[in-house]
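Q: Relevant sequence annotations retrieved from TrEMBL are reproduced here:
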type	residues	note
DOMAIN	A:306-552	domain 'ABC transporter'
TRANSMEM	A:7-26	transmembrane segment
TRANSMEM	A:62-84	transmembrane segment
TRANSMEM	A:90-112	transmembrane segment
TRANSMEM	A:124-142	transmembrane segment
TRANSMEM	A:175-196	transmembrane segment
TRANSMEM	A:208-230	transmembrane segment
TRANSMEM	A:250-275	transmembrane segment
Amino acid sequence: MLAGYDTLITTIALGAILAYSFHVVLMAGQLSLGQAGFASLGAYVSTLVVPTEPIAGSISPVIVGLPVGAAVGAAAAFVVGIPVLRLRGVFLAIATIAFGEMVRVVINNAEWTNGALGLRVEKWVTFDFAWIIVAVLAYLFWRLGPSRSGRAFAAVREDELAAGSMGVDVVRTRMSSFIASGAIAGVYGVMFAYFFGRITPATFDFALTVNGLVTAVLGGYLVFFGPILGAGFLTSVPEIQTALGLEAGWIHPLVTGVLLLAVVLFLPGGLSTLFSRLRPAPVRPGPDYAPLDALDPLPDRGTPIAAVRGLAKSYGAVHAVRGVDLEIRSGEVLGVIGPNGAGKTTLVNMLSGLEPPTAGDGEILGVPLGSRPHRFAQAGVSRTFQHSKLFERLTVLDNVLVGTHVVSRPTYLRRLLWLPSARRDERRALALAWAQLERVGLADRAGIRPGALSYGDRRRLEIARALAAHPTLLILDEPAAGMNHVEAAELASLIRGLADDGVTVLFIEHNVKMVLEACTRLVVLDFGEVIAEGEPREVAADPRVVEAYLGTEADEREESEHV
Amino acid sequence: MLQQLANGVFAGSIYALFAIGFTLVFGVLRHLNLAHPAVFTAGAFIGIEVAARTAIPVWILFPVVALFGAIAGVLVERIAFRPLRGRDDEHFAGLISSIALGGVVIALLQARYGTEPQSFDMDYFPNRLFEIAGVRVTLTQLVTLGLALVLMLGLAWLVSATPLGRSMRAVAENPTAAKVLGVNVGRVTAGTYALSSALGTVAGALLALNLGQAGRDLGASIELVGFAVIILGGLGSLWGAMAAGVVLGIAEALTIHLFDSTWKSMVAFALLFAVLVVRPRGLFGHVKVREV
Amino acid sequence: MRLKSTTGAALAAAALLATGACVSQDADNASADSALSGTGTGADCTIDETVKIGAVFSLTEAAAFAGLYQQEGLELGFEELNAAGGIQYEVILEDDATSVDGSVAAFEKLIDRDKVSAIVGPTLSNMAFTTYTDAQSAGVPALGVSTTAEGIPEIGDYIFRASLPEEVALAASIPAAKEALNLTKVAVLYDSADEFTASAFNTISDVLADEGIEVVAEETFETADTDFSAQLTAVLEAEPDAVILSALPGATVPLVKQARELGIDAPIVGGNAFNSPVLVGALEDAAEGLIVGGAWSAASETTGNAEFIATYTEKYGRAPDQFAAQAYTAAYLIDQAIRADCDANREAIKDNLGQILEYDSILGPISLDENGEVHQEPVVQIIRDGAFTLL
């Protein structure tokens, strides 16, 4: 079309496709670098099935190769993913690099691939064809961003523990991103083969992986069109240098390197940072979406919702929790207190699936102990953390929207088709999230990132996120830590209000005044064991409790009471 | 067979030398410095040029190269890592900025030395062949192994017995706590990079001496095996990297001896893959991954 | 509003899909430009318009070791031709950065934007396999100067090469070595990850079988390897009369050095990639006794060779290698083809390149047949006293 620039323009498209295969794993926070292997497998296998003649006279035969390449890449990613997805960070990166190299060696040594001599095929890919694929990918990622699945990806990227506690199936989300990456890399392999008409095992080497990663990060993985920006930048820089009359040789790589460095250092989030201000500020949804409609009713007051017996956790010789029996009934506000190191956090971690118990059995809302966190969350357990675990690169509103994960339906596929029901579901989730922000008094800060919030506001945001899941059992781990007494008093009244609405609350707190005000029942832990249990004022007067507290933690109690 | 074991040990000591610099930075600072291969290559070129210009003996050449390396290391940290500290995407951005800086280093090498590989004068370090218990070894192989051991022991001493080493261990354990305890984290970071890059440049010069020449892809050619070594050894473990380098060298030599050399490059990655899946801490990373 | 715009986008996408998914027909060949045909024939030919010749070489990255010599050789050739008068040439040089996409983009630029009459290059066969199909469908004659892999001229009638195929070089050097050294058993070492060397290995196996030479060890390595002691130990134990090596220059130096250090004294025989003065410079004494088959030798007393070496060395400050010599020859071959009909149009060059017979070049008498294949006598050299000597 643009005579003489076809290759350049197509190269941008191919670079963008490759970068999308990195984009999708980076979105979910996975540093997976096996794309060269997936692309190689996709490309080689597709040469076995792509016809040598145009289909029906004029349709590019690559149409056949693309699904095959995608399927091969996805299948390979699945098979590789089963063992390697246990790994994180650099370990995952290096394991997947190893996979890519293994593929290269195998293909180099295989007969059907013609070894190092490579294969020649017809050039069936034209530049408009390549850009259609890019457009399709961009569309898929555009629709993914603000969907329930897109938020799950982002939540897993920012904090896996918090994501799991909000009901996101972390393992599945990571695997989905990994498989999608494999499929896109497979498509890239096919496109590469049929654009250049030739592949050798060395085509899909480590340098290709580095290129894709650089393109994806350079463009930015926080917006859907990042890979296109990255590919455009990297392809055009040498061209612009040539146009400016700069000699090739060492100057080209030098300038490219310096520019790349400058972008990474000065534009966190890559080139897409330049466009991120285009995002509209969140607005309150209209009144026509009543947030609580269609949510399941909470269990009747007094119904047992959790019962555990003989619960214990030990780390080697250290017994963090031992022999704890606990029953929780709907509608109560159960306080758990105890000196530092008494095992409070370990206890609630076991109740919410973050840590498996070493002994004991029981169920929480029908979910057996030792299940993974998202199972508990789906059953209606929602929690906050002692050290707040917010999704730092999402806005305040998006943080809370992740909380709605367990009470909303998947919208991605329906969003792709623009079904009105998807829009309705998204609006409902938005209304639910907005209501929680208003409940904790953060509605005016919906559009900013959590990093800009005060400490107390961060804790409130975490509570709003937990509430957005419409929990039956809300677990709060030291929610008032760092709050002044005005804020703590507000929090206490919020908790009482929740109890009035029928939410069961279990909370760990050092602020005894607040515990006494808010709780209907109190459990005291010391050295991992329950030393007292019952009506708050009675328990607080129990001599063993006084000893446990005053003997070891008198100073701290003073502090927390009077801060 | 014995000969092949010896070959493996010598090849492995080069892998190990490359890898310890890599793993040191990761162990202390959790940075994967992808500019390391470029610094390694620069070490080879600088070594060749210094040798050609000054004709100083080998045992002075390496300290000189190490000095260049130390300066390069400080610069790498300043340029590619320090500006990113505390950013949300520090982890990914560090990978990319170090890749970019590596590219800049290679471009500068090309500006100075052109595209042709540079070579040591053959008379600079005349090689000799020894036969020990029926095993043929060359002088450069012995020097490589010896230097690797000396550097390892020196590094181990430095980490365990000097104030810098203690600070490094403190930072590795917990940077925030180290800072509270009065450790100058900025200086330790710079020191770690200086040390790592000094090791990298010496390894590069040594490999160039072994090969007789150095091209701009010298570092890239050993980078992937370097990854395998640091993982097999347990990321961050110095002794692990040393041992894993040798194990990998021997595994490759035995593959050639017992099977077929076409599968040689499979060994490193298959071993790596298997270890990561079965024992992510690496073969030798027993207790803590961050043991220095 | 929002829905509307997306519907529009979807329609546009559908329209694109309809066109993009179709296989486009080859572009029509550029019609002849009368300004590019001149008067007179042969040496008297005069063309008014400057003739544009494209060149695609790997001037950066991995294959720059070859590309820079090619650039210099080609430029020297055309400078001499311009000085001779009658036809003025303009060389438009493109760097493919040793990458397939760079090479394809460079060809496209030269064909569509610069509208050159012919293209010399690219440096590597790997890229030629994909770029030559473009040159073929655009109807632009392309002349390879280092594309030695099997199957290159078969791409089409616009594709030529003035680069001795590896199989011919090896087919000459192995029998010559056999005769000179009385070989009965050899070891073969080759780079299995590179297509050039892997292709050469196939040729080596065939030639060895034809010559009745036994292969006692066969070892491989990969392009980026740095330590070859394990393979060399296996070679040493097999006690071959000679080692046949198929490696790129980057691996050749360390490999030969390590082989000599480990005590392999057997002669080492190689193909085109060995034919470089850099090799001798880097290996010094270790290069002694290497046997090299190739297209050109500094020691050959072919027409103009001594002058070429002298001029080149003076101009560029280093001695030429085979890459430079072949690129230099390519300039003269294209000039021959244009002068045949005094026509620098693409069709005329294509028609006449395939009819060059016994042209007396610095490579010796050279012919291009209508299939595009080169025919010349390979030279076999041995390195003695630090210099290439004809065997």
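Glycine is no exception: its Cβ is also placed from the backbone N, Cα and C atoms.
Just so you know, TrEMBL annotations never went through curation; they're auto-generated.
Are these features on the surface or tucked inside, and what touches them?
A: Within its own chain, the transmembrane segment (A:7-26) has Cβ neighbours under 8 Å at 32, 35, 38-39, 125-127, 130-131, 133-134, 137, 141, 157, 177-178, 180-182, 184-185, 187-188, 191-192, 195, 208, 211-213, 215-217, 219, 221, 226-228, 230-232, 234-236, 239, counting only residues six or more beyond its boundaries.
Using a Cβ-Cβ cut-off under 8 Å and counting only residues 6 or more beyond its ends in the same chain, the transmembrane segment (A:62-84) has close neighbours at 34, 37-39, 41-43, 45-47, 49-51, 55, 92, 95-96, 99, 124-125, 129, 133, 174-175, 178-187, 189-191, 193-194.
Panel annotation: around the transmembrane segment (A:124-142), residues 1, 6-7, 9-10, 13-14, 16-17, 20, 23-24, 50, 54, 60-62, 66, 184, 187, 191, 194-195, 224-225, 227-228, 416 of the same chain, lying at least six beyond its termini, place a Cβ under 8 Å from a Cβ of the stretch.
Long-range Cβ contacts of the transmembrane segment (A:175-196) within its own chain (Cβ-Cβ under 8 Å, at least 6 residues beyond either end) map to 10, 14, 17-18, 20-22, 24-25, 27-28, 30, 32, 34-36, 38-44, 46-47, 50, 62, 65-66, 68-78, 80-81, 85, 119, 121-125, 130, 133, 137, 149, 153, 203-204.
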Q: Residues sitting near the transmembrane segment (A:90-112): Cβ under 8 Å, six or more positions beyond its termini, same chain?
A: 30-37, 40-41, 44, 48, 80, 84, 201-202, 204-206, 209
Q: Could you pull the average pLDDT for the domain 'ABC transporter' (A:306-552)?
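A: A mean pLDDT of 89 is what the model gives the domain 'ABC transporter' (A:306-552).
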